[in-house]
């Protein structure tokens, strides 16, 4: 390392250490908050049994496995099919503050992108150095004159910590990491990127089109542009672009930006196995360059297999019967052919189109397609009638003057085609290529279709010429240039494997620039005789070059090795057992990793005889070269197909699908003359007819047997035993520069001896992009149906798991951006340590470790990576280099547009102006949107039925105001005490019996659905329920739509009696899911998806059994309906509107399509609120004194002793040294004294208010502490302030847990001075919590829950009506045998047959010709098979 580099590194370490020292005091919790005498006390604790029935079950279930999960069902072959390994590249982490403007940073990036420094980005990673601030960052909240003067300092930046020594105690690392995490803000908000159209090109901007073309296509001098035409390049797809005809070249340019992290298509398909022709049905998802398939669409983190389309060759329809549209199609890769069967012919065509586009993109380097054809190389130009409505020309061109391979390019012109063809023919009237003798030209191969661009690659032709030795014609004219293109050739399967290179992929301009320099010195070809002779002198195959000279990745520095498919990966050679070729060297097994040894061991896999392509290759060369060359030949394959953007060295690697290790490797070290233990074992597995050779082999090598057993057997045993023992391994510093291509990882020397780094194998196992960087690995158990032993991988973007047990193929891929929190808990088994990963919208995933030290290390490493991931711009969707490449391609595209405008010809008509805008994404219209998503032509009478506190009523006021703005008549039926408030907003009111304060008292004193609650409710609320049902029936008369909170209990029966559409709406989860527990049954510790799902079943059952008798009597007496039950009501099929934010409660994957998480329904009343002067003065004084201001209020909660609670709050505020706005609200509602009476004198640091609008109040404070009600929680989160929640009952525990999981606040289970004061200090000083809360607040403020809810009502209106029609058609004695029937509506939204059926069904339904039975039959069979939209699935 250079001295200046070393000094920079030391300076970085010093600055990192200095940054830690500066902030250590600020992030450490002060001593006064550490411990307290009242740590275990709770001033709000009740005297009665306050334990929920569900809590008791959860506590008793600690010895019961509630975490049984559906295991992924594998087909007969799976994902890892021997794909080549990949070279990692670096991604740049932007560490500038989230509060800073990006202008300066973008300018810096622009300068970087234009400099030559970027050429070396594949080896270096830049580290930005910026000053950190000691001040606490504040969120951008609702503007207020009281807060405008407050400074908004920047938040601290991430610094790389030095590599931890191997013997560093894990506790020290944990404490250090916790200190860093508390300091570190979390940037979940994507950075504001500059519009590409606004990026100025700071280079010297040539004005002429000729100079632009010289820059883009790297001509030596500007060439006059004769003509330019919009045209289409015809390959497997049609690519729209422009043809530029200059004096020396015919150039084609198309802007083809890549799209990262985008699901292109998803749906059900049937797939046949490798050896089993039976088709198995899977859920497929096409994302980026990978086609993944799953046994369960809700388990997207457990793929059954992956198909890497970067190695794809083609996707095509397979005709089974002539004249009929086929539903079968195939996907070919360099290794094998995959067979698929779609549900319909249009669906198959859509899949093939999508796959062809992805394969085409993946074989292009950069974000633009460039083809440069030298005119002197063109043989002829012919008309080709491929498309009837377009003029198409075929250009035959010689690739270079060494191989004389002929390529064909097809271009179609939709306008001015005749003129373009005449110009081209005149231009190539007399070229050097036409003077080359015919015997030198390579014959065209017929393997490719007529539209392929490359009929035969240069390497194939060169190989044939070297083997057959054609005579060279010295009088052939020389060709000065070669064809250059960013597109790679597509070879037939088995012809080769993907190319490999240690270089990062370059942008299109870099590719052109560097290929130009190489082409000046002529092209290089490979001499097979020389290669095979010199093979043993090198550890890797010689570099060879294919005809695509445009990509440097295919030139000098490629390392070629043969790569077998997984079926050929475990090769038992039939050569002489005594030869070194027949038996692998010692490094094949003893130098492999433990998992490779286990998978490749003959103990677990019976050896089979498999033929390898290399055998035939050797034989062919033997026939040509003679017997003398037999001992020196090695299997060499032809030119390799290139994957996407980044190439990497080829290595034999572990094939997870077949459990095998490739034995054939061209790039292996010198063939060992000595035997190995594993070679003897493998030799013993050969057929008996080779026994003579085997005996001779033993006789020759028996003298060295003792040395072999002593030296090599321990390597095998130690690695396998070490794998089963478990452990951990770090491959780099947690957030530093990857060391895969710099130096062997710590303790990983053996793993790297075969040339493949652990990071390479990791990326191959999970089909991850080449720039994915491996940080650490661990051995542990994944808790599913049974504990599944395997290996855990943590990278900079993903958390992965791979099972190691023989016979299992489970893989788990979890993006770090989907992780909400990581908790450490006790294991399910005695002596094991547990790790719980909370995932957005998914059930928790549990892991177990046999050592607590490994569990702690894994938790800290994972948390650090998750936090770093949130800092990365665009959440790591694109690396910095890819962004730079995309920007450069965009700049080239805009420059061409600008240059063309100056010489716009008559050829550019309107239909081709779309090409200027780049590649537009294809948008598929949802067929249901045009049918169901409509606004009613006439105003509707909408009634909202709810009971409870003020927080339960307020969202309905906001919804009704939105509906009134749409022209509808609204009414709210609730408790009498809210009448004035509701009518003040112009909403009609209808009374419902019941005292919310009495209900609140029972809930608080007894807990929700506890034993004492059930006792008191059954004794006191029998009459109350009867009154509630009767009053609700009267209140809901004259309604067209009923929207009800399910806690009101009567709505679903009233809607059935009135025969009107019925919707449910609630503030807490009420629908069965595995992602979250029922809001009334939140356990102390996470218990997994099975427990979560069971809580809903138990609650529904218990709740219905408690009220079913009264409800059925009421139905028969007042509603004139038959008695019912849960099976007949089908409550899980009712359309549901959840009025909380999808950013707070992420919609689970198993929610049905009629379950909508709309966002909060806020009733903003702060605009008309005038705060009292003493309150504004108090706030101003707190700001002037530099004190943090908090809000404390427990709203609609009744406590046993409000005086003790007030005293505790006062003491905590004084201890935390903050100012407090105290709102007591209903906390003393049932007490005889007035609500304004204060039990103890309040100090000047506390200001008491009775009430204030949350939208105004929370914008004035720095943190809020409250009970965790849905409405109050939503208001504090929207304000972007940290939230402290002390739950009392009901859904408050659920939202408290969500706040803690999201990292935007603190959940406390008890209130005392020690706990509450520490929570106040942490909420006002933790930069991590403050920043996360600010980012979440910005996300919530962008939502409009009321508008989303209204549109959801419109969209699901017909579905709600269909439920009423189904019930009308049932006879009295109908038992609804199919009551639990559910359909999954998933798949192809553009299926024309499906759209037609929807319209037919809609028209028949309106005309009355469709019977209810037919309606149900159609919605079952056809929709299940045709599959409509993701997530329409009954829970």
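The backbone N, Cα and C atoms fix where each Cβ goes, and this holds for glycine too.
Taken from Swiss-Prot, the feature UDP-alpha-D-glucose binding site covers 949, 950, 952, 1252, 1254, 1267, 1271, 1272, 1291, 1292, and the record attributes it to similarity to another entry. When secondary structure is read from DSSP and collapsed to three states, residue 1271 (UDP-alpha-D-glucose binding site) falls in the helix class. Residues near residue 1271 (UDP-alpha-D-glucose binding site) in space but far in sequence (CB under 8 A, at least 6 apart, same chain), listed by position: 951, 954, 955, 1067, 1254.
Look at Swiss-Prot and you will find 85-99 (among others) tagged as compositional bias 'Polar residues'.
What Swiss-Prot records for 123-133 is compositional bias 'Low complexity'.
Residues or ranges marked as compositional bias 'Polar residues' in Swiss-Prot: 134-143 (among others).
Here Swiss-Prot flags 189-206 (among others) as compositional bias 'Basic and acidic residues'.
Under the heading compositional bias 'Basic and acidic residues', Swiss-Prot lists 527-537 (among others).
As annotated by Swiss-Prot, compositional bias 'Polar residues' applies to 539-554 (among others).
Annotated compositional bias 'Polar residues' per Swiss-Prot: 628-647 (among others), in sequence order.
The feature compositional bias 'Polar residues' is assigned by Swiss-Prot to 657-671 (among others).
Per Swiss-Prot, the feature compositional bias 'Basic and acidic residues' maps to 729-742 (among others).
According to Swiss-Prot, the domain 'GRAM 1' annotation covers 211-258. Within the model, the domain 'GRAM 1' (211-258) carries an average pLDDT of 85.
The domain 'PH' annotation in Swiss-Prot covers 262-360.
The feature domain 'GRAM 2' is assigned by Swiss-Prot to 760-826.
Residues annotated as region 'Disordered' in Swiss-Prot: 1-26 (among others).
What Swiss-Prot lists as region 'Disordered' is 75-107 (among others).
For 123-169 (among others), the entry in Swiss-Prot reads region 'Disordered'.
Neighbours of residue 1254 (UDP-alpha-D-glucose binding site), defined as other CB atoms within 10 A of its CB across all chains, total 27. Under DSSP, residue 952 (UDP-alpha-D-glucose binding site) is assigned to a helix (H, G or I) in the three-state scheme. When other Cβ atoms within 10 Å of the Cβ of residue 1291 (UDP-alpha-D-glucose binding site) are tallied across all protein chains shown, the result is 23.
Around the Cβ of residue 952 (UDP-alpha-D-glucose binding site), the same chain contributes 946, 974, 1045, 1047, 1067, each under 8 angstroms and 6 or more positions distant in sequence.
The 10 Å shell around the Cβ of residue 949 (UDP-alpha-D-glucose binding site) contains 20 further Cβ atoms across the protein chains shown.
The full span of the recorded UDP-alpha-D-glucose binding residues, 949, 950, 952, 1252, 1254, 1267, 1271, 1272, 1291, 1292, taken as their largest Cα to Cα distance, is 23 Å. In the three-state DSSP assignment, the secondary structure recorded for residue 1291 (UDP-alpha-D-glucose binding site) is coil.
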